[in-house]
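Beneath this line is the structure, given in structure tokens, with notes to follow.
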Amino acid sequence: MGQSNGDVGGGEEIRRRSCSCSKEDFLPEESFKSWGNYTKALKATPARLLDRLTARSGEHTELVEMKAQSQHEMKKSLTWWDLMWFGIGAVIGAGIFVLTGLETKKHVGPAVVLSYVVSGVSAMLSVFCYTEFAVEIPAAGGSFAYLRVELGDFVAFIAAGNILLEYVIGGAAVARSWTSYFATLCNHHPNDFRIHVSSFPDDYNQLDPIAIVVIIAICTLAVASTKGSSRFNYIASIFHVAIILFIVIAGLTKANPKNFTPFAPYGPRGIFVASAVLFFAYVGFDAVSTMAEETKNPAKDIPIGLVGSMVITTLAYCILAVTLCLMQPYQQIDEDAPFSVAFEAVGWGWAKYIVAAGAIKGMTTVLLVSAVGQARYLTHIARTHMISPWFAKVHERTGTPVNATATMLAATAIIAFFTSLGILSNLLSISTLFIFMLVAVGLIVRRYYVSGETTPSDRNKLVICIVLILGSSIATAVYWGSSDGWIGLVVSNSIWFLSTLALWLGVPQAKKPRVWGVPLVPWVPSLSIAINLFLLGSIDKASFERFGIWTGILLVYYFLIGLHASYDSIMESKTVAGEVNSSV
């Protein structure tokens, strides 16, 4: 009873503090009360960093205590039906309707269907890992909450920064694609509705005001109601599925098998290069995991919703890719609006309007689900005080995180206004693959390590196996990207296999899932790690440079603000709990 009272007391204090919108809401922690306090905090950075590196959050903390930071609870209104359509709406958008043409023409040819299979397998493995976490820890923080529990605060923060980058960039890319297809619908070139500024650098000089208008409309809907967003999404997604069926049936009536040769003009390397970029087409399902806190029955609804939507999406992507490549020779496929132009090329100019309408609908729901998901990530991150707790506020009437939603979509609008799709898609793929890899590592740790129960010997064996799995996977990616030989690949893949086998046979699992678990552990998460890192090795150098710059910015922020704010919050919670327990 004493602990319960402590939770309530701490929650009431936090609620009072989060109600207003004063400057105290943005930096309320002790370290920022004065310049003297801040100086002391900076001097204590090494000790605080060590504390946060070794600290792991508890499931009770993520599921109960963190919610008290938001002033009001989110409404539990979603079922597996909502989640499945959210998943379909989140994923089928700019990826298939834009990047398919770009990658087919430049990197892979008709073998783009194999690229979608590779990306789909990687996404499905990640879906399994996410699903177990979402069922066991149904918190709005998604992968951020999972990583805090299993890998600690510091790793979770680095992942969190990339999660936010993923959503902002993903939303910006889709918003710009929305403009491209809208222009097609109006019989214009995609850049006709953009403002060209010659004094700006290339890739940043086509300003897109329509993208901003679309994002503002999405923001309005997202803050109004989660259930309302869900209804709009699945009604629109049903319409979208009908258009996809039209594209496939109508397109195959104009199929020419000769267009499928040569099948892989750029060889195996082209297939995997395209897979890394086309992984963008599967981004979005992680947003569904952030809705676990608003799901009525997470144990049943999340597995059905997540896995079901990914199976449907993968099949749709492969069939659409085959249809496009049968309609036109890959050299003639349009990079900006491939399906619309393909129908025009076979003499069905009227069909391009149906295709463009379907693409616009798909991108609208992708933006909506992205807006809902990114706001919940930001909300949960703010609950930990790694960023301002002002962002954690949930509106009393709508039950939605208004501050987080508006802030994230404002950032998305700014990026969408300036930046080209090619820059955005590659950078997005890096962030996404990196996060999915970390979640897979987190799942292995969850199954094989329990503090106080796992023996030091088993813990050491676990660490060695994880290091070998990561190292061999990185070696495979590096060797693939830098050499045409096969000997190195055989060696690195053999090390990966033997490391996973050693983990499977040599280390006992310390924890079994309570409700739903990933099958074939550790093979499934280990394979997810390997494929995600392999695809990372196929992404261009410039994108990695941008990724490195962003990670550097995250570290600077963490050492100057995030570390001290989250440390103070944890210490305050412990103090309140200790005072309550001592008085009982």
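Numbering starts at 1 and runs along the chain as it is shown here.
Cβ coordinates are placed from backbone N, Cα and C, and glycine is handled just like the others.
Residues or ranges marked as transmembrane segment by TrEMBL: 83-102 (among others).
Residues annotated as transmembrane segment in TrEMBL: 108-130 (among others).
The annotation transmembrane segment is assigned in TrEMBL to 207-225 (among others). Below 8 angstroms of C-beta separation, residues 171-172, 175-176, 178-179, 182, 193-197, 232, 364, 367-368, 371-372, 375, 395, 398-400, 402, 405-406, 409, 412-413, 416-418 of the same chain, each at least six residues beyond the ends of the transmembrane segment (207-225), sit close to that stretch.
The transmembrane segment annotation in TrEMBL covers 232-252 (among others).
Annotation comment: TrEMBL describes 272-292 (among others) as transmembrane segment.
Here the transmembrane segment (304-330) has Cβ contacts under 8 Å with residues 80-88, 90-92, 95-96, 100-101, 104-105, 109-110, 112-113, 116-117, 120, 123-124, 127-128, 130-131, 134, 241, 244, 247-248, 251-252, 254-257, 259-260, 265, 281-282, 285, 288-289, 338-339, 342-343, 345-346 of the same chain, all six or more residues outside its ends. Summarising the annotation, TrEMBL assigns transmembrane segment to 304-330 (among others).
Residues 86, 89-94, 96-97, 142, 167, 170-171, 174-175, 177-178, 181-182, 184-185, 214-215, 218-219, 221-222, 226, 229, 232-233, 236-237, 239-240, 243-244, 246-247, 250, 284, 286-288, 290-291, 337, 339-341, 343-344, 405, 408-409 of the same chain sit 6 or more residues outside the transmembrane segment (350-373) yet have a Cβ under 8 Å from a Cβ within it. The transmembrane segment annotation in TrEMBL covers 350-373 (among others).
Residues or ranges marked as transmembrane segment in TrEMBL: 402-424 (among others).
TrEMBL lists 430-450 (among others) with the feature transmembrane segment. Using a Cβ-Cβ cut-off under 8 Å and counting only residues 6 or more beyond its ends in the same chain, the transmembrane segment (430-450) has close neighbours at 122, 125-126, 129-130, 132-133, 143, 146-147, 149-151, 155, 159, 162-163, 165-166, 169, 276, 279-280, 283, 286, 458-459, 462, 466, 470, 503, 507-511, 518, 521-522, 525-526, 528-529, 532-533, 535-536, 539, 543-544, 547.
For the transmembrane segment (462-480), the residues of the chain that approach it from at least six positions outside its boundaries are 269, 272, 441, 444-445, 448-449, 454, 488-489, 492-493, 495-496, 499-500, 502-503, 506-507, 526, 529-530, 533-538, judged by C-beta separation under 8 angstroms. Annotated transmembrane segment per TrEMBL: 462-480 (among others), in sequence order.
Per TrEMBL, transmembrane segment is recorded for 486-507 (among others). Long-range contacts of the transmembrane segment (486-507) within the same chain, counting only residues at least 6 positions beyond its ends with a Cβ under 8 Å from a Cβ of the stretch, are 444, 448, 458, 461-462, 465-466, 468-469, 471-473, 475-476, 479-480, 522-523, 526, 530.
Taken from TrEMBL, the feature transmembrane segment applies to 514-535 (among others).
The domain 'Cationic amino acid transporter C-terminal' annotation in TrEMBL covers 516-566.
Under DSSP, residues within the domain 'Cationic amino acid transporter C-terminal' (516-566) fall into helix, strand and coil as 40 helix, 0 strand, 11 coil. Taken together, the residues of the domain 'Cationic amino acid transporter C-terminal' (516-566) have an average pLDDT of 86. For the transmembrane segment (108-130), the list of distant contacts is 100, 142-143, 146, 259-266, 270-275, 278-279, 281-282, 285-286, 289, 306-307, 310-311, 313-314, 317-318, 321-322, 325, 330, 433, 436, 439-440, 442-443, 518-519, 524-525, 527-528, 531-532, 535: same-chain residues at least six beyond its ends, Cβ to Cβ under 8 Å.
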